[in-house]
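Swiss-Prot annotations:
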{"type": "TRANSMEM", "residues": "21-41", "note": "transmembrane segment"}
{"type": "TRANSMEM", "residues": "73-93", "note": "transmembrane segment"}
{"type": "TRANSMEM", "residues": "94-114", "note": "transmembrane segment"}
{"type": "TRANSMEM", "residues": "132-152", "note": "transmembrane segment"}
{"type": "TRANSMEM", "residues": "168-188", "note": "transmembrane segment"}
{"type": "TRANSMEM", "residues": "199-219", "note": "transmembrane segment"}
{"type": "TRANSMEM", "residues": "239-259", "note": "transmembrane segment"}
{"type": "TRANSMEM", "residues": "263-283", "note": "transmembrane segment"}
{"type": "TRANSMEM", "residues": "288-308", "note": "transmembrane segment"}
{"type": "TRANSMEM", "residues": "338-358", "note": "transmembrane segment"}
Amino acid sequence: MIIWLAELLQPYFSFFRLFEYLSFRAIVSILTALGISLWMGPRMIKRLQMLQIGQVVRNEGPESHFSKRGTPTMGGVMILAAITITVLLWADLTNPYVWAVLAVLLGYGAVGFVDDYRKVVRKNTDGLIARWKYFWQSAIALVVAFALYAHGQDTAATQLVVPFFKDVMPQLGLMYIVLTYFVIVGTSNAVNLTDGLDGLAIMPTVLVAAGFAAIAWATGNVNFANYLHIPYIPHSSELVVVCTAMVGAGLGFLWFNTYPAQVFMGDVGALALGGALGTIAVLVRQEFVLVIMGGVFVMETLSVILQVGSYKLRGQRIFRMAPIHHHYELKGWPEPRVIVRFWIISIVLVLIGLATLKVR
């Protein structure tokens, strides 16, 4: 919106030329989203407390979590509000990639909202029935996948980029739709599984979003794309503003979500943020790098798959509890230790993921 106003006013006030620079809009995007989150936080927490919208804690979980019962949840609403407002203000709204990410963010946010509402307001511990949750996640992902394929068919936007191999970029064809579907749905659920401790999911999300901001900038710059031997995708540079909005909103939420948490994001936040990260990874053609940078999400998901598979096949559990962050809690690790160590792992993995762009 502001970039449009800047174009109108630039002939009269040269100052407005500043708003056309991507670097400037990326910085103010972080600050805007951060400011909105910090402003909304206390007000939303107070409102959630008044409405008695509190976290439901399973009796079979770690005993240390019993004290979390009743902590306000559905705080992801303020994350989505901060991101959406910021993107509408600072992004180029003629860019289709911006709308693709917003569609997934808000669509998955709606699915998560219904799930949370049923859990904490209707007191239905199961929330939204699993098959319906999966149905709506799938429907949104497939609509976006088909739209993106139609928009970028047989161009660099539908190539598969393999780390460490600069000349391996095959056209995916219709497999692009399949890959996009699994990346969006898979990342959404992976982030949701990770969201089990105070700040555990939001900080890796912020780090991965920051990593993708750098990748989007390189992918949308023909000189850097050629230098790094990655596809040049003209529309992708505008995703920098979306990524930095996610960084700012995430940091603002972390202010209230850090241990001991004053509010939890709930499924409304976790499903939406995961879906948005998956969509961004697809748009910049770095699905494999997402697996690396989002290694904490992958680890949490694999721990659940291995736990369930082992129990069904052998009747034995591999971990004391899954996802794996609960395993370490039951081993006696204090919650802050688990959280910070997972953050450190995320920092290292994001740096490794960025390094793969050059190691070819």
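Backbone N, Cα and C atoms are what each Cβ position is placed from, and that goes for glycine too.
Through the fold, the transmembrane segment (21-41) approaches residues 3, 75, 78-79, 81-83, 85-87, 89-91, 213, 217, 237-238, 240-241, 244-249, 251-253, 255-256, 262-263 of its own chain, all at least 6 residues removed from its boundaries and within a Cβ separation under 8 Å. Under 8 Å from some Cβ of the transmembrane segment (239-259) lie the Cβ atoms of residues 22, 25-27, 29-38, 40-42, 45, 75-76, 78-79, 82-83, 86-87, 90-92, 97-98, 101-102, 197-199, 202-203, 205-206, 209-210, 212-213, 216-217, 220, 265, 269, 273, 276-277, 280, 283-284, 335-336, 339, all in the same chain and six or more residues away from its ends.
The transmembrane segment (338-358) and the transmembrane segment (73-93) are not in contact, since fewer than 3 Cβ pairs between them lie under 8 Å (pairs 6 or more apart in sequence). Counted over residue pairs separated by six or more positions, the transmembrane segment (168-188) shares fewer than 3 Cβ pairs under 8 angstroms with the transmembrane segment (199-219), which leaves the two as not touching. Taking Cβ pairs closer than 8 Å, the transmembrane segment (73-93) reaches residues 1-4, 25, 28-29, 32-34, 36-37, 40-41, 44-45, 48, 53-55, 99, 102, 105-106, 109, 112-113, 116-117, 120, 238, 241-242, 245-246, 248-250, 252-253, 256-257, 263-270, 272-273, 276 in its own chain, all 6 or more past its ends.
Residues 161-163, 183, 186-187, 189-191, 193-194, 204, 207-208, 211-212, 215, 274, 277-278, 281, 317-319, 322-325, 327, 342, 345-346, 349-350, 352-354, 356-357 of the same chain, all 6+ positions outside the transmembrane segment (288-308), place their C-beta atoms under 8 angstroms from a C-beta of that stretch. Residues 22, 26, 191-192, 225, 228, 230-233, 236-240, 243-244, 246-247, 250-251, 253-254, 257-259, 261, 265, 269-270, 273-274, 277, 280-281, 283-286, 289-290, 293-294, 296-297, 325, 338-339, 342-343, 346-347, 350, 353-354, 357 of the same chain lie 6 or more positions beyond the ends of the transmembrane segment (199-219) yet place their CB under 8 Å from a CB of it.
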